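Asks: The structure that follows is given in the form of structure tokens.
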Amino acid sequence: MMGSVTGGMGLRDSSWAASVITGAVLSSLVWYFGDWSGSPVVCSLFMASVVFISIWLLLVREDFFCWPHPALWRVVMAASILYSMLLTCMFWLPPKQARMVLRRTLWIQVLEFPQLLMRRAMARTVLSHSALIMRNRSVLWIQSITFELIEESVKSVLPNFNECWWDRWVLDVLLCNFVGMEIGLFLINRFAEPFNWFTLTHERARPPHEESRVPSFLTSREHFLTVCFVVGIGPLVDLINFLLKAALFIPAESPLVLCNLLLVGLPCLVGVPEIYATLSVSGHFRIGSQGAVLLYSVLMELALSWKLSSDTFPANGLKSIPVVARALWTLALLLLLGFTAMLPFGRNEPVPGSIAKKRKVF
């Protein structure tokens, strides 16, 4: 296994503290005395980010992952907080100024990615990151099909979703998504632990001779809602990503697309296992600190897209979605709520003493 729920000493030692402070000071000196062509605002934001990440590395002590090093995941957490702060700042700006901030000050010109290299990196990330996060073939297939149905429903709002049936169902689902799933699941089976979202029975207080034919996620309302949250958050994040790019006029070739993918995908590598570890050990649905910051960022992306939609999307907005699609999605939501209400309230009891068990998830 690559790591565990509990981390090691990490950066708590004084030697690590000295290294972090030295690195921050040297970065400041190099940036200050170097000949950089970026705008002063970019320089100021960069150095403020360096200071914030350095302080975060020194102060934060709780580590969910310790592979390859706890410092990596602390940097991811700090970057998530900075990203959420940036989204909050842009949300309170007028639409024109928000786009101007992105275009003139945050448009990454210092890092000139070669187009071919960037596209290859994005292709590798897109093909494997969902499987590395969810670690379950059934969840991945449900998310893939759900997103294609969402594309079909909102193609009147986002014109780039206008695809022919073979492009959507053959090229996207049966080819690209299938290859990405298998690559990601192979890596998970080789180096980590798959997640059994639907049949969490290995830590249940069930007699060894007793076997239930009902999947465990149908025996507890809290477990069922957890699975629904995990299944639904993937297509929602993908949809918001497309909405945000359209609202901010970000081309698909921009390095900002790759940065956004990393700022969302890397925190998911921690947030989703946090949910799974809590569910499998205690039977409760709980979002950890990294997941909470990520959820806030996703909601702020949705709010920012909605605010900027007045001059980006069609004037009738959601009304342009076909009536049949809206009716079917409403019916599906009502059926889901009704089915959830019929499930028994409570949670699946864990084995006594398993709450304190250190469970390896990565």
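Cβ coordinates come from backbone N, Cα and C, glycine included.
Annotations in TrEMBL come from automatic prediction, not curation.
Computed from a predicted structure; not experimentally measured.
From TrEMBL, for reference:
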type	residues	note
TRANSMEM	16-34	transmembrane segment
TRANSMEM	41-59	transmembrane segment
TRANSMEM	71-93	transmembrane segment
TRANSMEM	169-188	transmembrane segment
TRANSMEM	224-244	transmembrane segment
TRANSMEM	256-279	transmembrane segment
TRANSMEM	285-306	transmembrane segment
TRANSMEM	327-345	transmembrane segment
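Help me see these features in their spatial surroundings.
Replies: Counting residues 6+ beyond its ends, the transmembrane segment (327-345) has Cβ neighbours under 8 Å at 153, 218-221, 224-225, 228 in the same chain.
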Asks: If we skip the immediate neighbours and take only residues 6+ beyond the ends of the transmembrane segment (224-244), which ones have a Cβ under 8 Å from one of its Cβ atoms?
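Replies: Sequence-distant neighbours of the transmembrane segment (224-244): 130, 133-134, 139, 142-143, 146-147, 150, 154, 158, 160-161, 197-198, 217-218, 250, 260-261, 264, 268, 272, 275, 279, 285, 298, 301-302, 304-305, 309, 336, 340, 343.
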